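The next block holds one structure in the form of structure tokens; read it before the comments.
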Amino acid sequence: MNRPERLQPGVKLRDAEKVSRIPVKIVPSERETMLRKPDWLRVKLPASNQRILDIKQALRANGLHSVCEEASCPNLAECFNHGTATFMILGAICTRRCPFCDVAHGRPLKPDEQEPVKLAQTIRDMKLKYVVITSVDRDDLRDGGAQHFADCIREIRKLNPEIKIEILVPDFRGRIDAALDILSTEPPDVFNHNLETAPMHYRKARPGANYQWSLDLLKRFKERHPNVPTKSGLMMGLGETNDEIAQVLRDLREHKVEMLTLGQYLQPSKFHLPVERYVSPAEFDELKALADELGFTHAACGPLVRSSYHADLQAQGKEVK
């Protein structure tokens, strides 16, 4: 029996290579079997690309990454033109192989010790008032990357004392207590962790993750920091029903989560999980009404909503769709 080839540090695996060894086999989609995108998913391109080019240049110059690019977000042009970006720390290689996600899998390099300072300087130069910091999963690190998050928050606040910082964290599998101890030294202004989908779809969509772990992470952070809003995001179109998503919303509220994002899953390539349905704007409106009824303080629900989509406006309590 041949052993799997050892991953080389820093080498990105994408598409078929990425999903070759996950519990549920991914059959590459054929064009004729893929659902046609409805009109409501058309993205308007900005009249000018200059702001987009400026942000990309700033990221490249400092060796930084944005999840907007690495995960092929459909809102990249809008957000970059709006002057916002979600920074992805700890490299651009993830230790997990989630087949809905376009971020590369592989064996990551050692964290860049200068990244927190470079990130803080870039944010200052971009004159941002609200930033979202996320990361790949780093199961190779003892603390799951929590110390690097804390270092980034500290350095950002040194150079940008008026800024608001939202962090979108991985699940810190097997090390929740250690991670939360570290983050308690530099708590963010908003704590975000995505459940992504309903629990019965975790095996195919989030191999290596656990629904209850994720709920516990959100609840335990809230218990330590009752004044910091907690937030989570979900995708639709992976085979779930509206009733299943409604139950997830109830679970989130039972675990004291206050902010919600709910959007449409879009298949990054034929090697990723297929879109099983396109959810209509009317259905998103119904789920938004349920979220409001359940007591979420902020709920952004719509086809193009993503976890950090207009996060600054949502944190201000403004309507986001």
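Note: Cβ is positioned from N, Cα and C throughout, glycine not excepted.
Pulled from Swiss-Prot:
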BINDING   Cys68, Cys73, Cys79, Ser308  [4Fe-4S] cluster 1 binding site
DOMAIN    80-297  domain 'Radical SAM core'
BINDING   Cys94, Cys98, Cys101  [4Fe-4S] cluster 2 binding site
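Recorded features from Swiss-Prot, shown on the structure.
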residue	record	DSSP class
Cys94	[4Fe-4S] cluster 2 binding site	strand
Cys101	[4Fe-4S] cluster 2 binding site	coil
Ser308	[4Fe-4S] cluster 1 binding site	coil
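One way to see the shell of the [4Fe-4S] cluster 2 site is to take the Cβ centroid of Cys94, Cys98, Cys101; the remaining same-chain residues with a Cβ within 8 Å of it are Arg96, Arg97, Pro99, Phe100, Asp102, Val103, His105, Val136, Asp137. If you take every residue in the domain 'Radical SAM core' (80-297) and average the pLDDT, you get 95.
Reported as a whole number, the C-alpha separation between Cys98 ([4Fe-4S] cluster 2 binding site) and Ser308 ([4Fe-4S] cluster 1 binding site) equals 19 Å. Rounded to a whole value, the Cα-Cα separation of Cys101 ([4Fe-4S] cluster 2 binding site) and Ser308 ([4Fe-4S] cluster 1 binding site) is 15 Å. Taking the Cβ of Ser308 ([4Fe-4S] cluster 1 binding site) as centre and 10 Å as the limit, one finds 28 other Cβ atoms among all the protein chains shown.
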